[in-house]
Amino acid sequence: MNKQQLKAYFMLMRLHRPIPILLILWPTLTALVLASHGLPDISYLVIFTIGVVVMRTVGCIINDIADVDFDKHVARTNTRPLTSGQLSIKNAIWLCISLTLVAFICVLFLNLYTILLSFVALFLAILYPFCKRFFAIPQLILGLAFNFGIFMAFSAIQNQIPVEAWIFYIATICWTIAYDTIYALADREFDLETGIKSSAVLFGNKVFRYILLFNFLSLLLLIILGIYCDFNSFFYLGVVICSLFFVRNYFLYKKLGITNCINAFSANHWIGLIIFIIAVIQYI
């Protein structure tokens, strides 16, 4: 394998774009903190961090395999390894299988409940790329998939999925719908031409209102989480800071344009970091 092929595999796994990994990682780590009522054992941090990175790459590979014919016609995606012919579909499938096995080996160190949940996580990762063809809001499926690590974190530590896990899960789903709708704005014109489904297409000229609505719902659910868990004022201060980030992002993505939308999307990882920090503070 030469240097060019290694670079192609690197690009296929999206390791050059770590923001989506962080968007999955922060809620998962936060769930570990909530489930542990403090800093979790280092083994959980290692297993879940590896799992997030590996399954994110698996999702990207499945997405590229599913969308290879569409990506050829989009300027933003027509240089990807599969669409440009740098790697074959067969190469991608073998890599996907190998990485899935790595993720499964990681989860074998956890309890049976979490192992069973891992199959649901894999199903969601496979489903998302294809649901863009028939489901009006594929961002909902993405939210279910991206944040499923929350359930796995609680099941690994508590062997159950308590009420606070559900509240946090739904909050992050609303957050994901909002930020991925921003991302979808970059491709909305192409999606309209090809019939690809997305929330950016469905919401039409009211898309900005819906993004704000889902941001608001995520904040509201975080407040409910704080009340349910009897968190201190630092948690609510963090929620206020998150709301300021949402307002800042609004003025960015409202200008439209690929660069503005991608930048607004990417800035959301700071939201995840803030929530993680304020969760840790609760148990110091």
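Using the three backbone atoms N, Cα and C, a Cβ is placed for every residue, glycine included.
For 19-39, 42-62, 85-105, 107-127, 134-154, 165-185, 211-231, 233-253, 261-281, the entry in Swiss-Prot reads transmembrane segment.
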Result, the transmembrane segment (134-154) in contact with the transmembrane segment (42-62) (3+ CB pairs under 8 Å): yes
Seg_contact(the transmembrane segment (134-154), the transmembrane segment (19-39)) with at least 3 CB pairs under 8 angstroms, min sep 6: yes
Contact between the transmembrane segment (261-281) and the transmembrane segment (19-39) (at least 3 Cβ pairs under 8 Å, separation 6+): yes
